[in-house]
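Taken from TrEMBL as is:
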- 1-28: signal peptide (SIGNAL)
- Cys45-Cys76: disulfide bond (DISULFID)
- Cys49-Cys81: disulfide bond (DISULFID)
- Cys60-Cys66: disulfide bond (DISULFID)
- 104-185: domain 'ADAMTS/ADAMTS-like cysteine-rich' (DOMAIN)
Amino acid sequence: ESCSNSVTFLFCFVLCFLHLQTSRIARSEEDKEGAWDAWGAWSDCSRTCGGGASYSLRRCLNGRNCEGRNIRYKTCSNNDCPSDVGDFRAQQCSAYNDVKYQGHFYEWLPVYNDPSAPCALKCQALGKKLVVELAPKVLDGTRCNVESLDMCISGICQAVGCDRQLGSNAKEDNCGICAGDGSTCRLVRGQAKAHVSPEKSRLQIDPMLIYP
């Protein structure tokens, strides 16, 4: 009986210890989250079309001891720009046309797809080999390169999927459908793929894609 009482006591002790540890962890997580104020309203979009970025801020309530970020981003204005609207990076380069560089005025053209600094504003003087970094970072919403929707935000290239969502890895399938499985199109007489889905009206040629 004495042995049985000892085992029962030890079992209860272990249960109480585990309960206290779990409670401490839960309170710790609550304290971390409670140290932040609520997220603020979203800012205006950095662009009116073509895909831009908006941010929201929150304030640390206990000085600088909060864990996590005080800023978050999302994409916005994902509608296509009108045909007469110029390239966003080119607009930023041309803004320096009326600013003297080393005593001279130049007409600046954008430098694209710089692997070493995709979010720096590098421009080339028209008709010359002069390439200059006119700003350490482009405006939020500028494409990192011309081959993808990835955009620069606060000077850092951020992934953007075909669904235009920040951090998304969604890609178009062989039929041109975002996050599709390749089952919405077929090869018609070996010429062009006709979309079954009405989501997109454009046709794409893909001789490697053949459906019986």
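Every residue gets a Cβ built from N, Cα and C, even glycine.
Caution: TrEMBL annotation is automatic and unverified by curators.
Sequence features, as recorded in TrEMBL, placed on the structure.
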residue: Cys45; record: disulfide bond; Cβ within 10 Å: 19
residue: Cys49; record: disulfide bond; Cβ within 10 Å: 15
residue: Cys60; record: disulfide bond; Cβ within 10 Å: 14
residue: Cys66; record: disulfide bond; Cβ within 10 Å: 18
residue: Cys76; record: disulfide bond; Cβ within 10 Å: 21
residue: Cys81; record: disulfide bond; Cβ within 10 Å: 15
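Cα proximity to Cys49 (disulfide bond) (within 10 Å) is found for the following disulfide-bonded residues from Cys60, Cys66, Cys76: Cys76.
Comparing CA positions across the disulfide-bonded residues Cys60, Cys66, Cys81, the one lying closest to Cys45 (disulfide bond) turns out to be Cys81. Each residue in the domain 'ADAMTS/ADAMTS-like cysteine-rich' (104-185) has a pLDDT score, and their mean in this model is 94. Residue counts of the domain 'ADAMTS/ADAMTS-like cysteine-rich' (104-185) by helix, strand and coil are 0 helix, 26 strand, 56 coil (DSSP-based).
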